[in-house]
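Visitor: From TrEMBL, here are the annotated features:
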REGION    1-23  region 'Disordered'
DOMAIN    20-109  domain 'MSP'
DOMAIN    100-217  domain 'MSP'
TRANSMEM  218-239  transmembrane segment
TRANSMEM  251-271  transmembrane segment
TRANSMEM  283-308  transmembrane segment
TRANSMEM  329-352  transmembrane segment
TRANSMEM  372-395  transmembrane segment
Amino acid sequence: HSVSSSHQDVDMAQSVPPGDIATQPGTKIVFNAPYDDKHTYHIKVTNSSARRIGWAFKTTNMKRLGVDPAAGVLDPKENALIAVSCDAFAYGQESVPPGDIATQPGTKIVFNAPYDDKHTYHIKVTNSSARRIGWAFKTTNMKRLGVDPAAGVLDPKENALIAVSCDAFAYGQEDTNNDRITIEWTNTPDGAAKQFRREWFQGDGMVLEYHLVSEMSWVYLYVPDFILTPSFVYFLVVLILTKDGTLRTPFFSFFIATGICGIPTVVTHILMNRVIWPVEVWWIQIIVLIINQSAQLGATIGKFLIVLHRYFVLRGVIVNEDVWSVSTVRHLIFLQVILPFLLTGSFFSFGYTVQATVNGSISFIIASQGLVMQKAVNTSFMIFYSLVCLLLTFLSSRHLNELSGRFGVKYSTTKRAIVKQQKNMFIIVSVCCISHVLKATQQSLVVTFSLNGTIDRSLYENLLWP
């Protein structure tokens, strides 16, 4: 057990993105003329993060530029002094440093979700210098990121529009932390034709690099949640604070309790799936996961109580929304909240394993015995919920028809209003019931197809997902 735990800790550490470093000087080293002798300057590198890091230098001209030491390890807050040397060389036209370029966007390209199709954005590259330059793009992930055109030549002040594409991929299952797009540029030789040549980057001429971060943004996926969740919270607050007696019935009590259970499922889902948790606070995700699973089960129990209450209202001889006493409603809501936490806590009592995902986050899986029990309880409850809710909805519809005939709605305005209200309440409850039964069926089909493995998930997920 201890060996397995140690192995998991190593995996987690490797998945955590490295922190920042600081260099002095910060952006450039200037080698002053003359260049008929070797020049040596120093760079101070400091590990600003809270973790030990390994570091390594590389240069674009190994023939002329040297670094000593070229690699090493730094503890948190430790620094190292690096000697950077420039050997003697014949200073000529090709040694003139290239001027600046400008890119729009300047620092990053954001590819918005979803990622089941190819995305293409554009970069505008402008030669801000007074010399003609040759430029070329390269990426850290040639399989996913593409650039067209990948190379070219720009006269002074000229610009080019570059298409940068991101092919479809399984977000969350592939590492995107290190995706980079780099543009290199160098002065073209005097008299050279305006036609790109790779050898310009392999001679003694200086080559500069500029890095653009390729960022995958999931925020777009959650725009509806970001809009609807605060609106629903406001709606629940209004219901809780209202003094209108017609909104103080058991139906609205169950509705409020179910809504309060539902909101944490949205928030915790985002926290679990989109937040990269550092090792130092990995325990937070355990709490988030328990809240998520407990709230899901609590919300489902609440929907069942709403359907059950509607059945008891319609089956009575006298139509009474307060068919259940205040004490009964409070006890049922208490059970709705406490029972899911007790069940989820019992599942976690069997232990759990920690896994590091490719995108740097940390996930938890309940130990096998607890996981089997959780699946059995959740599956059994969903089957019970679906069947009983459909049965109760059907029986409620029959009682509603009997109510219409029993009250003689043609002759009584008051009774007509009562039946109309009950029809509206029945429609609300029925739509709620059927929609969640369909969702349960959809989830069951996803599980079935996943276990079967004969149909690729990408083929059926879009059809089943509501």
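For all residues, glycine too, the Cβ spot is worked out from N, Cα and C.
Please go over these features one by one and say how buried each is and what sits next to it.
Guide: Across the domain 'MSP' (100-217), the DSSP tally of helix, strand and coil residues reads 4 helix, 61 strand, 53 coil.
The list of residues near the transmembrane segment (251-271) in space but at least 6 beyond its ends in sequence, with Cβ under 8 angstroms from a Cβ of it, reads 222, 225, 229, 232-233, 235-236, 239-240, 285, 288-289, 291-292, 295-296, 298-299, 302-303, 305-306, 309-310, 321, 329, 332-333, 336-337, 425.
Long-range Cβ contacts of the transmembrane segment (329-352) within its own chain (Cβ-Cβ under 8 Å, at least 6 residues beyond either end) map to 250, 253-254, 257-258, 261, 286, 290, 293-298, 301-302, 305, 364-371, 373-374, 377.
Residues 293, 297, 300, 303-304, 307-308, 310-311, 315, 343-344, 346-347, 350, 366, 429-430, 433-434, 436-437, 440-441, 443-444 of the same chain lie 6 or more positions beyond the ends of the transmembrane segment (372-395) yet place their CB under 8 Å from a CB of it.
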Visitor: Grab the same-chain neighbours of the transmembrane segment (283-308) for me: Cβ-Cβ under 8 Å, and only residues 6 or more beyond its ends, written as numbers and ranges.
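Guide: Hits for the transmembrane segment (283-308): 251, 254-255, 257-258, 261-265, 268-269, 271-272, 277, 332, 335-337, 339-341, 343-345, 348, 352, 362-364, 374, 378, 381-382, 385, 388-389, 392-393, 396, 429, 432-433, 436.
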